[in-house]
């Protein structure tokens with residue numbers, strides 16, 4: 001079949017391609033076609049489309065079946081989705097190109113999507129909570145009574161004060177002040193989409209949940225308590241009526257829809273996601289919150305395109321910015337460009353600490369131990385007996401210093417130390433290990449010791465951060481094997497105390513409970529006076545690929561309390577942009593409630609312009625806060641200020657000003673300032689600069705790690721700097737770059753810069769707006785696209801598609817058999833290893849061209865253009881197996897792979913705007929027992 005096999009990026013160009021497959025992933029064979037017109041002929045075309053596709057592909061040498069088919073007849077997408085199966089085994093890697101599908105379907109757009117999972121920042125499944133299939137009906141419900149849940153032991157619950165919980169959650173954002181003024185989100189419809197949402201959770205008993213559905217099963221519920229992630233998200237946005245903790249969400253009087261997109265067992269396909277997006281859009285919602293991240297894409301890619309269409313048609317979508325920062329271009333949001341809002345995270349000023357109390361016993365002494373219950377893995381919910389006595393096992397040295405470990409990244413397992421004594425009774429053992437690390441068999445690094453010894457319980461501890469308030473217990477464990485039944489998390493100080501007790505007594509026994517009805521629960525708060533109200537160290541940075549800032553604003557999520565299912569006590573503490581995202585969804589609902597006539601664009605502009613730019617926090621390990629505003633690419637508009645977003649009578653017409661790079665710098669950009677109030681206001685406009693720095697680090701040119709932030713600033717022209725507007729009047733403000741920051745190597749290393757146009761009004765309150773701007777010194781054409789340390793000649797071993805490094809000059813020995821069937825491969829390799837190359841992008845290219853070139857003749861038997869704008873992995877691989885392009889014969893000889901990748905801001909018609917890469921040489925040789933070998 002029909003072209004060079006592709007294992008990662010999407011292609012369009014020639015008649016054939018291979019199904020994209022991320023390294024280590026599954027084939028991607030799901031497609032969405034858009035017809036481009038809006039008549040009833042859409043339905044007519046869809047009804048006959050499966051056969052049209054199958055018959056049309058035969059003409060191009062593909063023998064495929066349409067295995068799944070959906071029709072889309074929405075005013076933002078008219079078309080269909082389908083999956084292709086083209087043969088068995090490795091032959092399934094053959095897929096037609098997007099151009100071929102467009103030709104046979106007469107489609108305006110064709111997108112390839114992940115065929116199974118691999119789409120989200122966070123996606124949990126749980127085999128314990130699978131729901132039976134139901135009828136695909138979605139009745140409206142609003143029955144708080146039927147959502148009553150088993151409550152935890154309220155008598156044993158200790159909380160510093162319910163007022164403290166409200167203050168910790170909402171004071172810094174202005175939400176608490178709006179609640180006091182009775183702005184609570186009434187008459188606004190908000191959807192929370194997540195893997196599962198437990199609408200019976202105690203913190204949701206009075207939430208107005210008008211609709212629930214499971215889009216995978218068709219059941220009229222949202223999958224239950226198998227995953228606290230979705231429950232927490234709905235609670236953050238709209239929790240209400242919590243009898244136990246008094247938790248109140250951002251918009252407690254909004255009307256919510258709980259939309260589960262998982263059956264808690266199976267992964268989610270790409271076309272499922274398209275269907276989910278359209279399902280929510282067709283319900284005419286005001287706000288949709290999606291706590292997932294995707295790949296960073298261009299605006300024309302499927303997710304950004306659909307979200308922008310929703311945005312333009314009245315629905316505001318908030319998605320996560322991502323948790324893979326710091327560093328430029330780390331953002332992973334389809335809302336980074338033109339539609340919706342990508343939400344980052346800041347450290348809260350008051351950190352919640354939620355624990356259950358157990359007890360330790362050692363050498364006749366006893367004392368309390370405080371832990372946070374946690375689901376151990378994506379496929380195992382917290383499963384601990386109501387009362388259990390366990391023996392603590394710590395394989396490391398009896399020295400608190402041995403507890404030091406990774407602070408932010410899941411690391412490979414530590415080998416079990418030499419001489420470490422295994423637990424005598426694993427079934428009653430609880431293993432102590434870092435939250436970001438695990439222990440492995442010293443003779444087999446792939447074997448986790450919980451599996452080796454059958455240890456069912458793990459106690460994870462927080463890192464020893466410089467900011468003590470961050471070293472707390474929370475939800476979430478890492479590096480745990482599915483055989484682990486339950487995990488608990490403790491703070492670093494708790495872990496140090498336990499290790500000291502082990503050193504002193506040689507044994508520590510723990511008495512713990514897994515039953516919330518008998519748990520002694522505590523909620524307290526720690527002030528974060530070091531990094532509070534500054535960007536979290538791991539929040540992702542922009543810019544978007546269209547050079548806009550990417551991140552819209554920062555919301556609270558390091559750390560936040562949220563409602564949890566009753567099985568976990570009704571409350572939990574977690575961190576991540578997953579949770580700042582529904583927070584901003586709630587803020588948008590408050591703004592919409594106060595200004596029902598506003599469009600999504602007006603709501604977004606108000607939230608961004610009234611946010612508060614915050615100082616730069618250099619993060620792990622030092623957590624130093626500098627007297628420089630954090631880069632706009634990191635914080636967007638800044639820390640959200642919901643009260644000002646609602647109460648400001650001054651509005652602006654833009655979200656941000658993108659001055660692009662030096663090659664594409666507009667002479668000026670402008671925005672409209674409007675006084676929507678009744679009183680005359682005077683405005684003073686000034687420049688509020690933010691941190692700048694270099695994009696490229698010569699020591700690591702292919703990675704965007706944390707840059708050194710400089711206080712070299714841009715010189716701006718703002719016209720006018722003073723103006724007066726009567727109520728109802730507006731005026732235009734022009735901004736131009738007079739000079740970029742004075743960074744000596746900007747031309748070679750590129751510089752990034754940004755700041756804010758400060759607009760101070762004479763209003764008595766809500767009188768400060770800041771309009772963000774960004775730009776780049778030098779040409780983005782100088783930004784590397786191809787990672788030359790990871791792009792290389794490889795061998796691809798079939799049938800498992802394993803990637804092997806090969807030496808330059810490698811000879812690939814093949815046997816040719818002309819007698820095989822038309823849908824079979826005529827070539828087999830002696831060692832089942834095919835010639836190929838791995839390809840790693842630094843930032844996504846809009847167009848990648850690759851060729852297999854004969855070094856003697858210069859001819860390319862195979863050539864393809866690929867489109868780098870779909871939801872595909874940044875790491876890819878291609879190989880030639882012999883059956884491509886309708887089994888086109890390739891003569892024996894010496895070959896190279898060649899790649900051309902269009903640079904950022906490049907013109908595809910200009911050859912100098914492509915980056916070129918050429919592999920080492922390799923040779924193809926045919927064995928003497930080949931049959932029917934063509935003569936060339």
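The backbone N, Cα and C atoms fix where each Cβ goes, and this holds for glycine too.
All annotation found in TrEMBL is predicted automatically rather than curated by experts.
Not measured: the values here are computed from a predicted model.
Record features, source TrEMBL:
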- 1-17: signal peptide (SIGNAL)
- 125-148: region 'Disordered' (REGION)
- 135-146: compositional bias 'Basic and acidic residues' (COMPBIAS)
- 185-619: domain 'Peptidase S8/S53' (DOMAIN)
- 194: active site, charge relay system (ACT_SITE)
- 229: active site, charge relay system (ACT_SITE)
- 578: active site, charge relay system (ACT_SITE)
- 658-774: domain 'C5a peptidase/Subtilisin-like protease SBT2-like Fn3-like' (DOMAIN)
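Everything TrEMBL records as a feature, shown here on the structure.
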{"residue": "194", "record": "active site, charge relay system", "DSSP class": "strand"}
{"residue": "229", "record": "active site, charge relay system", "DSSP class": "helix"}
{"residue": "578", "record": "active site, charge relay system", "DSSP class": "helix"}
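Here the C-alpha separation of residue 229 (active site, charge relay system) and residue 194 (active site, charge relay system) works out to 8 Å. All protein chains included, residue 229 (active site, charge relay system) registers 25 other Cβ atoms within 10 Å of its own Cβ.
Across the fold, the C-alpha of residue 194 (active site, charge relay system) and the C-alpha of residue 578 (active site, charge relay system) stand 10 Å from each other. Counted with DSSP, the domain 'C5a peptidase/Subtilisin-like protease SBT2-like Fn3-like' (658-774) comes out as 7 helix, 58 strand, 52 coil. Summed and averaged per residue, pLDDT over the domain 'C5a peptidase/Subtilisin-like protease SBT2-like Fn3-like' (658-774) gives 95.
Take the CB of residue 194 (active site, charge relay system) and look out to 10 A: across all protein chains shown you find 30 other CB atoms. Note on residue 578 (active site, charge relay system): other Cβ atoms within 10 Å of its Cβ, all shown chains, come to 29.
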